[in-house]
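A.B. asks: This is the structure I have questions about; it appears just below.
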Amino acid sequence: MSSSPSVQSSTASFRSDHNLEARADLANHMEKQAESLSAATTKQEEDGNHKAFLVDWHGTDDPENPLNWSTARKHGITLTLSFAVVVVTFASSVYSSASSAVAKHFGVSDEVGKLGITLFLCGYAIGPLAWGPLSERQGRKPPMLISYLGFVLFSLATATAKDLQTVLICRFFSGVFGCGPLSIAGGAMADYSSLEQRGIAIAIYSFATFAGPTFGPILGSFIVESHLGWRWTEYLTAIVGSAFLLVLLVALPETYAKRILQKRAEHRRLETRQWAWHAQLDEEAFDARVVVTKYLTRPIVMLVVEPMILLLSIYVAFIYGILYLLFGSLPVHYVEVRGWSEGVGSLPFLALLVGCGLGCLVMVGFNPRYVRTCKLNNSQPVPEERLLPMIVGAVVFPVGCLWYAWTTYASVHWIVPTLALVPIGCGIILLFLQALNYLIDAYLAYANSALAANSLLRSLFGAGFPLFGSQMMVNLGLQWANTVIGLIGVALLPIPILFYIYGKRLRRSSKFAT
């Protein structure tokens, strides 16, 4: 039975409309594909143009690359940075010889007078939160100059202060600004030093880091003892700091590769009038949350959940605290027990400096072995190799403490306890710096956070120890007080040995370590 003409017409019309819709859908789909393809092509072209205008080094031997600078130039920069660090670390301890005079001048107790040391080191703990991020955004030189200028100005303000509150506040901000060179110098040396050169550069820098605090009490004691008085400990710091500020301004080049390339891009934009030229640093937007995470929240988390960071930070913090405790305790022995003058009684600090020098030689001696081991490991760091010199330091430090403890009697010749300060100084520098090197190698991607965690705990210990050092020596006696320090050193001795044996296994189970 045939269908009616009207039904056939309706069916044909429906099929025709359906075909039109299908063709329209197909056309729309093809149009979208074309637009998508066109957009992708355009994006590829833009990406290509973007990369074409990205400023980079002119090959591996580009003379502006800090890694390609001459050895003489690198050594010159290392010495410049090291002397700059000597000045700010000198300021951290020179006040220890003036604290009693400050307390007497303002009519307060010795403990209150020593707050100038404590607050300076509290500034050391806070300052890296600013100088670390700034050095990664603006390069090494601008924050170095800004921090040094602030350090000089607050040292001058301390010297001219009319009341104790001003002295303490200015000492705190001297620490905040003074830690800038300490926060930046190590990164600057890493910018231009190869793996083979880094050991010597770090050894020189390490010696400078401890030379400043050692010379501080010596010069400070002679100044306070003279007609100049305690204010000239700060005047001297400001004068020498001003001189080195000029040296840094003239002699220190920018060492941060990203900042050098950014400057090159700026010059190229001006020369070519082509504003598309840019460097990698221009692409990295500043994010306050990233800064807070890297330098504050993540360090605290790592300090809690990472046993390697926690234990090594406690060890380093204890050693750092002992260094500043000695600034107050040695005068108890040499001045009060042996009856020496303040100036002469500070000279045994030179034995600590000799020990630090020996520690640096030990590190230099181990460096070729470390370099060979890294080369066998595809030029990748081997953190556990850093612990061998640290183990040496862990042994000689308590030996020196116990030796010193039981030779502090007035009947024993002064040279005997003074010689004991040599292994103490050697142990301090080996423990301190090799622990930091280990943390850097073990937490490459999170090295800044690991060091920030260590710095926070270390500065708190350094700030607190001077407040009870003298009382501890008086109440327990020189022999038992130093014995306690030595026994704590013995208790901590297994830490680097255990990490040398089990460190690789611990790093595998860590979500932060490499």
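Even glycines carry a Cβ here, placed using N, Cα and C.
Here's the feature list from TrEMBL:
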REGION    1-46  region 'Disordered'
COMPBIAS  1-13  compositional bias 'Low complexity'
COMPBIAS  15-34  compositional bias 'Basic and acidic residues'
TRANSMEM  76-95  transmembrane segment
DOMAIN    77-514  domain 'Major facilitator superfamily (MFS) profile'
TRANSMEM  115-132  transmembrane segment
TRANSMEM  144-160  transmembrane segment
TRANSMEM  202-223  transmembrane segment
TRANSMEM  235-253  transmembrane segment
TRANSMEM  308-327  transmembrane segment
TRANSMEM  347-366  transmembrane segment
TRANSMEM  387-406  transmembrane segment
TRANSMEM  412-433  transmembrane segment
TRANSMEM  445-468  transmembrane segment
TRANSMEM  480-502  transmembrane segment
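Locate each feature and note its surroundings.
C.D. replies: Beyond the transmembrane segment (76-95), the same-chain residues lying 6 or more positions past its ends with a Cβ under 8 Å from any Cβ of the stretch are 102, 116-117, 120-121, 124, 144, 148, 151, 155, 171, 174-175, 178-182, 185, 188-189, 192, 201, 204-205, 207-217, 219-220, 233-234, 236-237, 240-241, 244, 247-248, 251-253, 255, 324, 327.
Nonlocal intrachain contacts for the transmembrane segment (115-132), taken as residues 6+ away from its ends with a CB within less than 8 angstroms of a stretch CB, comprise 91-93, 95-96, 98-99, 102, 143, 147, 167-169, 171-180, 182-184, 294-296, 324, 327, 448, 452, 455-456, 459-460, 462-464, 466-467.
If you look at the transmembrane segment (308-327), the same-chain residues 6 or more away from its ends with a CB under 8 A from one of its CBs are 92-93, 96-97, 117, 121, 210, 213, 216-217, 302, 349, 352, 397, 424, 427-428, 431-432, 435-436, 438-439, 442-443, 450, 453-454, 457-462, 464-466, 469, 472, 485, 488, 492, 495-496, 499, 503, 506-507, 510, 513.
Cβ atoms under 8 Å from those of the transmembrane segment (445-468) belong to residues 96, 111, 114-115, 117-119, 121-122, 124-125, 128-129, 132, 294-296, 298-300, 302-303, 306, 309, 312-314, 316-318, 320-325, 327-328, 435-436, 439, 512, 514 of the same chain, restricted to positions at least 6 beyond its ends.
If one looks beyond the transmembrane segment (480-502) by at least 6 residues along the same chain, the residues whose Cβ comes under 8 Å of a Cβ in the stretch are 308, 311-312, 314-315, 318, 322, 325, 329, 384, 387-388, 390-391, 394-395, 397-402, 404-406, 408, 427, 431, 434-435, 438, 472-473.
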A.B. asks: Could you give the residue numbers and ranges of same-chain residues that sit at least 6 residues beyond the transmembrane segment (412-433) on either side and whose C-beta is under 8 angstroms from one of its C-beta atoms?
C.D. replies: 202, 206-207, 209-210, 214, 315-316, 319-320, 322-323, 326, 333-334, 338, 348-349, 351-356, 358-360, 362-363, 389-390, 392-401, 403-404, 489, 496
A.B. asks: Three or more CB pairs closer than 8 Å, sequence separation of 6 or more: does that hold for the transmembrane segment (347-366) against the transmembrane segment (144-160)?
C.D. replies: no
A.B. asks: What stretch in 202-223, 235-253, 387-406 has the biggest tally of Cβ pairs under 8 Å against the transmembrane segment (144-160)?
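C.D. replies: Between the stretches 202-223, 235-253, 387-406, 235-253 has the largest tally.
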A.B. asks: If you average the pLDDT over the domain 'Major facilitator superfamily (MFS) profile' (77-514), what number do you get?
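C.D. replies: So the average pLDDT across the domain 'Major facilitator superfamily (MFS) profile' (77-514) works out to 89.
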